[in-house]
Amino acid sequence: MSIALHSRFAAELPELTVRWKAEEAPQPRLLVDNDALAAELGVDVDWLRGPDGVALLTGTQVPADATPVAQAYAGHQFGGFQPRLGDGRALLLGEFEGTDGTLRDLHLKGSGRTPFARGGDGLAAVGPMLREYVISEAMHALGIPTTRALAVVATGRPVYRETELPGAVLARVAASHLRVGTFQFAPLLMQATGNTDLLQRLADYAIARHHPAAADAEQPYLALLESVSAVQARLIAQWMLAGFIHGVMNTDNMTISGETIDYGPCAFMEGFDPETKFSSIDSWGRYAYGNQPSIALWNLARFAEALLPLLGEDTEQAIAAAEKTLGGFQGVYEAAWTDGMRAKLGLSGAPDEAVAPLIQDLLTQLHQSRVDFTSFFRRLARAARGDAEPVRGEFIDLAAFDAWLHRWQALTPDPEAMDRVNPVYIARNHLVEEALAAATAGDMAPVTQLIDAIRAPFDERPGFERYAEPGPKEFSASFQTFCGT
Ligand code: AMP
Ligand code: MG
(Lines of atoms letter the chains of each structure in order from A; the text may use other names.)
(Lines give C-alpha, C1' and ligand atoms only; values in the text may rest on other atoms or scores of the structure.)
(Ligands and ions follow the chains in the order given, each with its own letter.)
Protein backbone atom coordinates (compact mmCIF):
# COMPACT_ATOMS: atom_id res chain seq x y z
CA MET A 1 0.00 0.00 0.00
CA SER A 2 1.62 3.21 -1.11
CA ILE A 3 0.87 6.66 0.27
CA ALA A 4 -1.55 8.68 -1.86
CA LEU A 5 0.11 12.04 -2.42
CA HIS A 6 -1.60 15.27 -3.45
CA SER A 7 0.27 18.16 -5.03
CA ARG A 8 -1.83 21.05 -3.79
CA PHE A 9 1.01 23.41 -2.99
CA ALA A 10 2.63 22.79 -6.37
CA ALA A 11 -0.71 23.23 -8.15
CA GLU A 12 -1.88 26.34 -6.29
CA LEU A 13 1.44 28.15 -5.91
CA PRO A 14 3.54 27.06 -8.90
CA GLU A 15 5.59 30.30 -8.72
CA LEU A 16 7.03 29.05 -5.42
CA THR A 17 8.12 25.65 -6.69
CA VAL A 18 10.58 23.98 -8.99
CA ARG A 19 9.79 20.43 -10.07
CA TRP A 20 12.68 18.29 -9.04
CA LYS A 21 13.90 14.75 -8.48
CA ALA A 22 15.81 13.12 -5.64
CA GLU A 23 19.31 11.87 -6.25
CA GLU A 24 19.77 8.09 -6.43
CA ALA A 25 20.74 6.41 -3.19
CA PRO A 26 23.37 3.78 -4.12
CA GLN A 27 22.70 1.51 -1.13
CA PRO A 28 19.64 2.55 0.83
CA ARG A 29 19.34 1.12 4.33
CA LEU A 30 16.54 1.98 6.73
CA LEU A 31 18.15 3.12 10.00
CA VAL A 32 15.04 3.98 11.96
CA ASP A 33 11.36 4.23 11.18
CA ASN A 34 8.65 5.74 13.30
CA ASP A 35 5.99 3.07 13.82
CA ALA A 36 3.95 5.21 16.18
CA LEU A 37 3.77 8.06 13.68
CA ALA A 38 3.09 5.69 10.77
CA ALA A 39 0.17 4.16 12.68
CA GLU A 40 -1.17 7.61 13.55
CA LEU A 41 -1.05 8.52 9.88
CA GLY A 42 -2.54 5.26 8.63
CA VAL A 43 0.66 4.25 6.83
CA ASP A 44 1.33 0.50 6.58
CA VAL A 45 4.60 -0.07 8.46
CA ASP A 46 5.44 -3.34 6.71
CA TRP A 47 5.10 -1.62 3.35
CA LEU A 48 7.17 1.32 4.55
CA ARG A 49 10.00 -1.02 5.54
CA GLY A 50 9.96 -2.90 2.25
CA PRO A 51 11.84 -1.89 -0.92
CA ASP A 52 9.00 0.30 -2.24
CA GLY A 53 8.63 2.09 1.08
CA VAL A 54 12.36 2.75 1.34
CA ALA A 55 12.38 3.97 -2.28
CA LEU A 56 9.66 6.49 -1.36
CA LEU A 57 11.55 7.50 1.79
CA THR A 58 14.58 8.39 -0.33
CA GLY A 59 12.46 9.96 -3.08
CA THR A 60 13.91 7.68 -5.73
CA GLN A 61 10.52 6.16 -6.54
CA VAL A 62 7.35 8.18 -6.09
CA PRO A 63 3.73 7.48 -7.03
CA ALA A 64 3.08 8.14 -10.74
CA ASP A 65 0.87 11.17 -10.14
CA ALA A 66 3.10 12.80 -7.47
CA THR A 67 4.92 16.05 -8.26
CA PRO A 68 8.01 16.42 -6.04
CA VAL A 69 9.14 20.04 -5.82
CA ALA A 70 11.81 22.16 -4.21
CA GLN A 71 10.12 25.11 -2.51
CA ALA A 72 11.28 28.69 -2.89
CA TYR A 73 11.59 30.96 0.10
CA ALA A 74 13.59 33.91 1.35
CA GLY A 75 14.58 34.70 4.91
CA HIS A 76 16.50 36.74 7.42
CA GLN A 77 19.48 34.73 8.59
CA PHE A 78 21.04 36.14 11.76
CA GLY A 79 19.29 39.40 10.91
CA GLY A 80 20.53 39.72 7.32
CA PHE A 81 18.06 39.35 4.47
CA GLN A 82 18.65 36.61 1.90
CA PRO A 83 16.19 37.03 -0.96
CA ARG A 84 16.70 33.54 -2.39
CA LEU A 85 17.11 30.61 -0.04
CA GLY A 86 14.71 27.78 -0.80
CA ASP A 87 15.09 24.03 -0.42
CA GLY A 88 18.75 23.52 -1.25
CA ARG A 89 18.76 19.89 -0.20
CA ALA A 90 15.12 19.10 0.36
CA LEU A 91 12.03 18.09 -1.58
CA LEU A 92 8.34 18.31 -0.90
CA LEU A 93 7.06 14.95 -2.18
CA GLY A 94 3.48 16.05 -1.69
CA GLU A 95 0.68 16.24 0.83
CA PHE A 96 -1.30 13.34 2.22
CA GLU A 97 -4.29 12.84 4.47
CA GLY A 98 -3.76 11.07 7.76
CA THR A 99 -6.47 9.06 9.52
CA ASP A 100 -7.73 12.32 11.09
CA GLY A 101 -8.38 13.82 7.65
CA THR A 102 -5.90 16.71 7.97
CA LEU A 103 -3.41 17.35 5.23
CA ARG A 104 0.28 16.91 6.02
CA ASP A 105 3.45 17.40 4.01
CA LEU A 106 5.76 14.52 3.28
CA HIS A 107 9.16 16.09 2.80
CA LEU A 108 12.71 14.83 2.38
CA LYS A 109 15.91 16.38 3.65
CA GLY A 110 19.27 15.36 2.23
CA SER A 111 17.86 14.20 -1.12
CA GLY A 112 20.41 15.95 -3.36
CA ARG A 113 21.18 19.36 -4.83
CA THR A 114 18.35 21.49 -6.15
CA PRO A 115 18.46 24.80 -8.04
CA PHE A 116 18.44 26.48 -4.59
CA ALA A 117 21.56 24.67 -3.37
CA ARG A 118 23.90 27.66 -3.81
CA GLY A 119 27.31 26.32 -2.71
CA GLY A 120 25.91 23.32 -0.83
CA ASP A 121 26.24 19.69 -1.84
CA GLY A 122 22.54 18.97 -1.28
CA LEU A 123 23.34 16.14 1.09
CA ALA A 124 22.99 15.36 4.76
CA ALA A 125 24.91 13.09 7.09
CA VAL A 126 23.54 10.29 9.26
CA GLY A 127 24.31 12.11 12.55
CA PRO A 128 22.40 15.36 11.94
CA MET A 129 19.41 13.55 10.42
CA LEU A 130 19.19 11.24 13.44
CA ARG A 131 19.52 14.32 15.66
CA GLU A 132 16.41 15.78 14.02
CA TYR A 133 14.63 12.44 14.48
CA VAL A 134 15.51 12.16 18.17
CA ILE A 135 14.89 15.78 19.18
CA SER A 136 11.63 16.12 17.25
CA GLU A 137 10.36 12.92 18.92
CA ALA A 138 11.44 14.29 22.31
CA MET A 139 9.56 17.53 21.61
CA HIS A 140 6.46 15.66 20.50
CA ALA A 141 6.51 13.48 23.61
CA LEU A 142 6.69 16.66 25.71
CA GLY A 143 3.53 17.90 24.00
CA ILE A 144 5.31 20.63 22.01
CA PRO A 145 4.05 21.22 18.45
CA THR A 146 6.68 20.01 16.02
CA THR A 147 7.35 18.51 12.64
CA ARG A 148 8.08 14.81 13.01
CA ALA A 149 10.36 12.28 11.42
CA LEU A 150 8.90 9.25 9.69
CA ALA A 151 12.26 7.63 8.97
CA VAL A 152 15.96 8.08 8.44
CA VAL A 153 17.50 6.08 5.60
CA ALA A 154 21.26 5.76 5.11
CA THR A 155 21.96 6.31 1.41
CA GLY A 156 25.27 4.49 1.06
CA ARG A 157 26.70 7.72 -0.37
CA PRO A 158 29.52 9.41 1.52
CA VAL A 159 29.17 13.05 2.54
CA TYR A 160 32.25 15.20 2.91
CA ARG A 161 32.36 17.58 5.86
CA GLU A 162 35.45 17.94 8.00
CA THR A 163 35.76 14.20 7.49
CA GLU A 164 33.97 11.66 5.32
CA LEU A 165 30.61 10.73 6.84
CA PRO A 166 27.83 8.33 5.89
CA GLY A 167 24.99 10.11 4.06
CA ALA A 168 21.30 9.91 4.96
CA VAL A 169 17.87 11.18 4.01
CA LEU A 170 15.30 12.20 6.59
CA ALA A 171 11.60 11.84 5.76
CA ARG A 172 9.76 14.60 7.58
CA VAL A 173 6.06 15.00 8.22
CA ALA A 174 4.81 18.52 8.85
CA ALA A 175 1.53 20.40 9.08
CA SER A 176 3.12 22.26 6.17
CA HIS A 177 6.39 23.86 5.16
CA LEU A 178 4.99 27.38 4.94
CA ARG A 179 7.51 29.62 6.64
CA VAL A 180 7.71 33.31 7.44
CA GLY A 181 10.41 33.20 4.76
CA THR A 182 7.89 31.90 2.22
CA PHE A 183 5.97 35.15 2.60
CA GLN A 184 9.20 37.11 2.37
CA PHE A 185 9.75 35.55 -1.06
CA ALA A 186 6.28 36.33 -2.43
CA PRO A 187 6.73 40.15 -2.40
CA LEU A 188 9.82 39.76 -4.55
CA LEU A 189 7.68 38.07 -7.15
CA MET A 190 5.10 40.79 -6.60
CA GLN A 191 7.65 43.39 -7.65
CA ALA A 192 8.08 41.44 -10.87
CA THR A 193 4.38 41.14 -11.59
CA GLY A 194 3.29 44.43 -10.01
CA ASN A 195 0.25 42.96 -8.28
CA THR A 196 -0.68 41.20 -5.07
CA ASP A 197 -2.12 38.10 -6.71
CA LEU A 198 0.57 35.64 -5.60
CA LEU A 199 0.83 37.04 -2.08
CA GLN A 200 -2.91 36.81 -1.73
CA ARG A 201 -3.04 33.24 -3.00
CA LEU A 202 -0.28 32.33 -0.54
CA ALA A 203 -2.10 33.99 2.35
CA ASP A 204 -5.38 32.31 1.37
CA TYR A 205 -3.62 28.95 1.19
CA ALA A 206 -2.16 29.51 4.67
CA ILE A 207 -5.53 30.52 6.06
CA ALA A 208 -7.32 27.52 4.57
CA ARG A 209 -4.69 25.10 5.77
CA HIS A 210 -3.77 26.41 9.22
CA HIS A 211 -5.95 29.27 10.40
CA PRO A 212 -9.38 28.71 8.89
CA ALA A 213 -11.17 30.94 11.41
CA ALA A 214 -9.34 33.95 9.90
CA ALA A 215 -11.36 33.52 6.71
CA ASP A 216 -14.49 34.67 8.55
CA ALA A 217 -12.87 37.71 10.18
CA GLU A 218 -13.62 41.23 9.02
CA GLN A 219 -9.98 41.55 7.91
CA PRO A 220 -8.82 37.99 7.11
CA TYR A 221 -5.14 38.88 6.55
CA LEU A 222 -4.88 40.79 9.79
CA ALA A 223 -6.58 37.84 11.48
CA LEU A 224 -3.96 35.57 9.89
CA LEU A 225 -1.21 37.72 11.41
CA GLU A 226 -2.90 37.61 14.80
CA SER A 227 -3.37 33.85 14.65
CA VAL A 228 0.23 33.13 13.60
CA SER A 229 1.44 35.47 16.35
CA ALA A 230 -0.65 33.57 18.92
CA VAL A 231 0.48 30.08 17.88
CA GLN A 232 4.10 31.23 17.89
CA ALA A 233 3.75 32.93 21.28
CA ARG A 234 2.40 29.70 22.75
CA LEU A 235 5.05 27.61 20.99
CA ILE A 236 7.95 29.70 22.28
CA ALA A 237 6.48 29.58 25.81
CA GLN A 238 6.55 25.78 25.55
CA TRP A 239 10.17 25.86 24.39
CA MET A 240 11.08 28.05 27.32
CA LEU A 241 9.29 25.79 29.80
CA ALA A 242 11.20 22.77 28.48
CA GLY A 243 14.55 24.58 28.35
CA PHE A 244 14.68 24.07 24.59
CA ILE A 245 17.02 26.26 22.57
CA HIS A 246 16.32 26.20 18.83
CA GLY A 247 19.67 27.68 17.92
CA VAL A 248 18.86 29.15 14.52
CA MET A 249 15.60 31.08 14.65
CA ASN A 250 15.99 32.58 11.20
CA THR A 251 12.71 33.63 9.57
CA ASP A 252 12.96 30.69 7.17
CA ASN A 253 12.95 28.39 10.19
CA MET A 254 9.70 29.75 11.61
CA THR A 255 6.48 28.11 10.51
CA ILE A 256 3.07 29.60 9.82
CA SER A 257 1.47 26.51 11.38
CA GLY A 258 3.11 27.02 14.78
CA GLU A 259 5.17 23.83 14.65
CA THR A 260 8.83 23.76 15.62
CA ILE A 261 10.89 23.16 12.48
CA ASP A 262 14.49 22.54 11.48
CA TYR A 263 16.52 20.86 14.17
CA GLY A 264 20.06 21.99 13.48
CA PRO A 265 22.15 23.42 16.29
CA CYS A 266 19.38 22.95 18.86
CA ALA A 267 19.74 21.56 22.36
CA PHE A 268 18.21 21.46 25.81
CA MET A 269 19.64 23.75 28.47
CA GLU A 270 20.94 22.06 31.60
CA GLY A 271 22.22 24.60 34.18
CA PHE A 272 19.77 27.51 34.11
CA ASP A 273 21.22 30.60 32.43
CA PRO A 274 19.27 32.83 30.02
CA GLU A 275 22.45 33.46 28.02
CA THR A 276 22.88 29.78 27.16
CA LYS A 277 23.53 29.10 23.48
CA PHE A 278 25.00 26.09 21.75
CA SER A 279 25.28 27.02 18.11
CA SER A 280 28.83 27.28 16.83
CA ILE A 281 27.75 29.93 14.33
CA ASP A 282 25.83 32.13 16.80
CA SER A 283 28.82 33.98 18.22
CA TRP A 284 26.76 36.98 19.40
CA GLY A 285 24.16 34.87 21.19
CA ARG A 286 21.35 36.28 19.06
CA TYR A 287 19.44 33.02 19.50
CA ALA A 288 20.35 32.38 23.15
CA TYR A 289 17.69 30.85 25.42
CA GLY A 290 16.53 34.11 26.97
CA ASN A 291 16.29 35.93 23.62
CA GLN A 292 13.86 33.49 22.00
CA PRO A 293 10.61 35.34 22.79
CA SER A 294 11.89 38.67 21.48
CA ILE A 295 13.40 37.04 18.39
CA ALA A 296 10.06 35.36 17.66
CA LEU A 297 8.39 38.76 17.82
CA TRP A 298 11.08 40.24 15.56
CA ASN A 299 10.42 37.46 13.05
CA LEU A 300 6.68 38.12 13.25
CA ALA A 301 7.35 41.77 12.44
CA ARG A 302 9.06 40.56 9.25
CA PHE A 303 5.96 38.44 8.54
CA ALA A 304 3.78 41.52 9.05
CA GLU A 305 5.96 43.52 6.66
CA ALA A 306 5.53 40.88 4.00
CA LEU A 307 1.76 40.92 4.51
CA LEU A 308 1.46 44.74 4.43
CA PRO A 309 0.21 45.01 0.83
CA LEU A 310 -2.79 42.91 1.91
CA LEU A 311 -3.49 44.89 5.07
CA GLY A 312 -5.00 47.96 3.42
CA GLU A 313 -4.59 50.56 0.68
CA ASP A 314 -3.13 53.11 3.04
CA THR A 315 0.35 52.01 4.13
CA GLU A 316 0.37 54.11 7.31
CA GLN A 317 -2.89 52.57 8.43
CA ALA A 318 -1.73 49.08 7.49
CA ILE A 319 1.42 49.52 9.58
CA ALA A 320 -0.60 50.80 12.53
CA ALA A 321 -2.97 47.83 12.31
CA ALA A 322 -0.08 45.36 12.10
CA GLU A 323 1.68 46.97 15.08
CA LYS A 324 -1.47 46.83 17.13
CA THR A 325 -1.96 43.16 16.26
CA LEU A 326 1.62 42.22 17.17
CA GLY A 327 1.11 44.13 20.41
CA GLY A 328 -0.89 41.08 21.46
CA PHE A 329 2.15 38.74 21.30
CA GLN A 330 3.56 39.61 24.72
CA GLY A 331 0.29 38.97 26.55
CA VAL A 332 -0.28 35.58 24.93
CA TYR A 333 3.33 34.60 25.60
CA GLU A 334 3.27 35.65 29.24
CA ALA A 335 -0.03 33.94 29.94
CA ALA A 336 1.22 30.68 28.41
CA TRP A 337 4.54 30.90 30.24
CA THR A 338 2.94 31.70 33.61
CA ASP A 339 0.34 28.94 33.24
CA GLY A 340 3.11 26.51 32.33
CA MET A 341 5.30 27.52 35.27
CA ARG A 342 2.34 27.35 37.58
CA ALA A 343 1.76 23.75 36.44
CA LYS A 344 5.47 22.89 36.78
CA LEU A 345 5.35 24.18 40.35
CA GLY A 346 2.20 22.19 41.11
CA LEU A 347 0.24 25.34 41.93
CA SER A 348 -2.79 25.09 39.66
CA GLY A 349 -5.17 26.67 42.12
CA ALA A 350 -2.91 29.45 43.48
CA PRO A 351 -3.63 33.10 42.63
CA ASP A 352 -1.46 35.00 40.12
CA GLU A 353 -0.38 37.58 42.72
CA ALA A 354 1.26 34.80 44.74
CA VAL A 355 2.67 32.82 41.82
CA ALA A 356 4.23 35.58 39.70
CA PRO A 357 6.78 36.83 42.30
CA LEU A 358 7.53 33.22 43.28
CA ILE A 359 8.48 32.44 39.67
CA GLN A 360 10.70 35.52 39.42
CA ASP A 361 12.56 34.72 42.65
CA LEU A 362 13.00 31.11 41.59
CA LEU A 363 14.53 32.05 38.23
CA THR A 364 17.02 34.35 39.97
CA GLN A 365 18.06 31.55 42.30
CA LEU A 366 18.19 28.90 39.55
CA HIS A 367 20.45 31.23 37.60
CA GLN A 368 22.68 32.07 40.54
CA SER A 369 23.31 28.36 41.22
CA ARG A 370 23.09 27.20 37.56
CA VAL A 371 20.64 24.51 38.63
CA ASP A 372 19.74 21.82 36.10
CA PHE A 373 16.44 23.09 34.68
CA THR A 374 14.92 19.64 34.13
CA SER A 375 15.81 17.57 37.21
CA PHE A 376 15.10 20.55 39.49
CA PHE A 377 11.33 20.24 39.09
CA ARG A 378 11.27 16.50 39.79
CA ARG A 379 13.42 17.04 42.89
CA LEU A 380 11.10 19.83 43.93
CA ALA A 381 8.15 17.42 43.74
CA ARG A 382 10.03 15.20 46.19
CA ALA A 383 10.27 18.18 48.53
CA ALA A 384 6.47 18.47 48.37
CA ARG A 385 6.38 14.83 49.51
CA GLY A 386 8.60 15.62 52.49
CA ASP A 387 12.07 14.87 51.06
CA ALA A 388 13.66 18.29 50.50
CA GLU A 389 17.35 17.34 50.71
CA PRO A 390 17.94 16.44 47.02
CA VAL A 391 16.63 19.79 45.81
CA ARG A 392 18.27 21.83 48.60
CA GLY A 393 21.61 20.33 47.62
CA GLU A 394 21.45 22.21 44.29
CA PHE A 395 21.63 25.73 45.75
CA ILE A 396 24.56 27.85 46.80
CA ASP A 397 22.56 30.34 48.86
CA LEU A 398 20.69 27.83 51.00
CA ALA A 399 19.05 30.40 53.26
CA ALA A 400 17.50 32.15 50.26
CA PHE A 401 16.29 28.85 48.80
CA ASP A 402 14.84 27.70 52.12
CA ALA A 403 12.88 30.95 52.34
CA TRP A 404 11.57 30.35 48.81
CA LEU A 405 10.69 26.73 49.60
CA HIS A 406 8.73 27.86 52.63
CA ARG A 407 6.64 30.33 50.59
CA TRP A 408 6.06 27.69 47.90
CA GLN A 409 4.96 25.02 50.37
CA ALA A 410 2.52 27.44 51.97
CA LEU A 411 0.61 27.34 48.65
CA THR A 412 0.14 23.52 49.02
CA PRO A 413 1.74 22.26 45.79
CA ASP A 414 0.52 18.97 44.27
CA PRO A 415 3.50 16.65 43.58
CA GLU A 416 1.50 14.19 41.42
CA ALA A 417 0.41 17.00 39.12
CA MET A 418 4.04 18.18 38.94
CA ASP A 419 5.29 14.77 37.85
CA ARG A 420 2.77 14.72 35.04
CA VAL A 421 4.23 17.87 33.43
CA ASN A 422 7.91 17.79 34.45
CA PRO A 423 9.93 15.32 32.39
CA VAL A 424 12.47 12.94 33.92
CA TYR A 425 14.06 12.33 30.53
CA ILE A 426 14.97 14.90 27.92
CA ALA A 427 17.36 14.46 25.01
CA ARG A 428 20.41 15.52 26.99
CA ASN A 429 23.25 16.87 24.92
CA HIS A 430 25.99 14.47 26.00
CA LEU A 431 23.69 11.47 25.44
CA VAL A 432 22.60 12.72 22.03
CA GLU A 433 26.21 13.25 20.97
CA GLU A 434 27.24 9.83 22.27
CA ALA A 435 24.34 8.12 20.46
CA LEU A 436 24.97 9.95 17.17
CA ALA A 437 28.67 9.12 17.26
CA ALA A 438 27.81 5.43 17.75
CA ALA A 439 25.27 5.53 14.89
CA THR A 440 27.81 7.18 12.58
CA ALA A 441 30.16 4.29 13.37
CA GLY A 442 27.38 1.79 12.59
CA ASP A 443 25.88 1.02 16.02
CA MET A 444 22.25 2.08 16.31
CA ALA A 445 21.66 0.64 19.81
CA PRO A 446 22.34 3.87 21.79
CA VAL A 447 19.99 5.88 19.51
CA THR A 448 17.29 3.25 19.96
CA GLN A 449 17.67 3.34 23.73
CA LEU A 450 17.67 7.13 23.83
CA ILE A 451 14.45 7.16 21.78
CA ASP A 452 12.93 4.68 24.27
CA ALA A 453 13.79 7.03 27.13
CA ILE A 454 12.49 10.25 25.61
CA ARG A 455 9.29 8.75 24.16
CA ALA A 456 7.85 8.40 27.67
CA PRO A 457 9.53 11.40 29.31
CA PHE A 458 7.37 11.56 32.44
CA ASP A 459 7.58 7.87 33.48
CA GLU A 460 10.59 7.15 35.65
CA ARG A 461 11.84 3.65 34.78
CA PRO A 462 14.62 1.41 36.11
CA GLY A 463 17.55 1.05 33.74
CA PHE A 464 17.30 4.63 32.47
CA GLU A 465 19.03 6.37 35.40
CA ARG A 466 21.78 7.95 33.33
CA TYR A 467 19.20 9.57 31.04
CA ALA A 468 17.92 11.60 33.99
CA GLU A 469 21.28 13.08 34.98
CA PRO A 470 22.94 16.22 33.60
CA GLY A 471 26.11 15.74 31.58
CA PRO A 472 29.58 16.02 33.05
CA LYS A 473 30.44 19.69 33.77
CA GLU A 474 33.44 19.64 31.40
CA PHE A 475 31.18 18.45 28.58
CA SER A 476 28.42 20.98 29.21
CA ALA A 477 30.82 23.91 29.51
CA SER A 478 32.24 23.45 26.03
CA PHE A 479 29.29 21.86 24.21
CA GLN A 480 28.53 23.29 20.79
CA THR A 481 26.45 22.02 17.93
CA PHE A 482 27.02 22.62 14.26
CA CYS A 483 24.44 23.64 11.76
CA GLY A 484 24.08 23.02 8.04
CA THR A 485 25.83 19.68 8.21
P1 AMP B 1 19.04 25.65 7.45
O2 AMP B 1 20.04 26.40 8.27
O3 AMP B 1 19.11 24.16 7.61
O4 AMP B 1 17.66 26.19 7.59
O5 AMP B 1 19.49 25.88 5.96
C6 AMP B 1 19.48 27.14 5.38
C7 AMP B 1 19.46 27.03 3.89
O8 AMP B 1 20.61 26.38 3.39
C9 AMP B 1 18.29 26.27 3.33
O10 AMP B 1 17.88 26.94 2.18
C11 AMP B 1 18.84 24.91 3.04
O12 AMP B 1 18.14 24.25 2.01
C13 AMP B 1 20.25 25.25 2.61
N14 AMP B 1 21.21 24.19 2.88
C15 AMP B 1 21.68 23.79 4.08
N16 AMP B 1 22.58 22.80 3.93
C17 AMP B 1 22.67 22.55 2.61
C18 AMP B 1 23.44 21.63 1.81
N19 AMP B 1 24.30 20.77 2.34
N20 AMP B 1 23.27 21.68 0.47
C21 AMP B 1 22.41 22.55 -0.09
N22 AMP B 1 21.68 23.43 0.59
C23 AMP B 1 21.80 23.44 1.93
MG1 MG C 1 15.87 25.80 7.44
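Note that Cβ sites are derived from N, Cα and C of the backbone, with glycine treated the same way.
The annotation ATP binding site is assigned in TrEMBL to Gly86, Gly88, Arg89, Lys109, Asp121, Gly122, Arg172, Arg179, Asp262. The Cβ of Asp262 (ATP binding site) lies under 8 Å from the Cβ of Glu132, His246, Val248, Asn253, each of which sits 6+ residues away along the same chain.
What TrEMBL lists as active site, proton acceptor is Asp252. In the three-state DSSP reading, Asp252 (active site, proton acceptor) counts as helix. Note on Asp252 (active site, proton acceptor): other Cβ atoms within 10 Å of its Cβ, all shown chains, come to 24.
According to DSSP, Asp262 (ATP binding site) is assigned to coil rather than to any helix or strand. Annotation comment: TrEMBL describes Asn253, Asp262 as Mg(2+) binding site.
In sequence order, Lys109, Gly110, Ser111, Gly112, Arg113, Thr114, Ala117, Gly120, Asp121, Gly122, Leu123, Ala124 are the residues of the chain that are 6 or more apart from Arg89 (ATP binding site) and have a CB within less than 8 Å of its CB. Residues Gly86, Gly88, Arg89, Lys109, Asp121, Gly122, Arg172, Arg179, Asp262, recorded as binding ATP, reach a greatest CA to CA spacing of 23 Å.
A gap of 16 Å separates the Cα atoms of Arg172 (ATP binding site) and Asp252 (active site, proton acceptor). Sequence-distant contacts (6 or more apart, same chain, Cβ under 8 Å) of Gly86 (ATP binding site) comprise Val18, Ala70, Gln71, Ala72, Tyr73, Thr114, Pro115, Phe116, Phe185. In this structure, Arg89, Asp121, Asn253, Asp262 are the binding-site residues from Arg89, Asp121, Arg172, Asn253, Asp262 whose C-beta falls under 6 Å of some atom of ligand 1.
Cβ-based neighbour count (10 Å, all protein chains) for Arg172 (ATP binding site) stands at 26.
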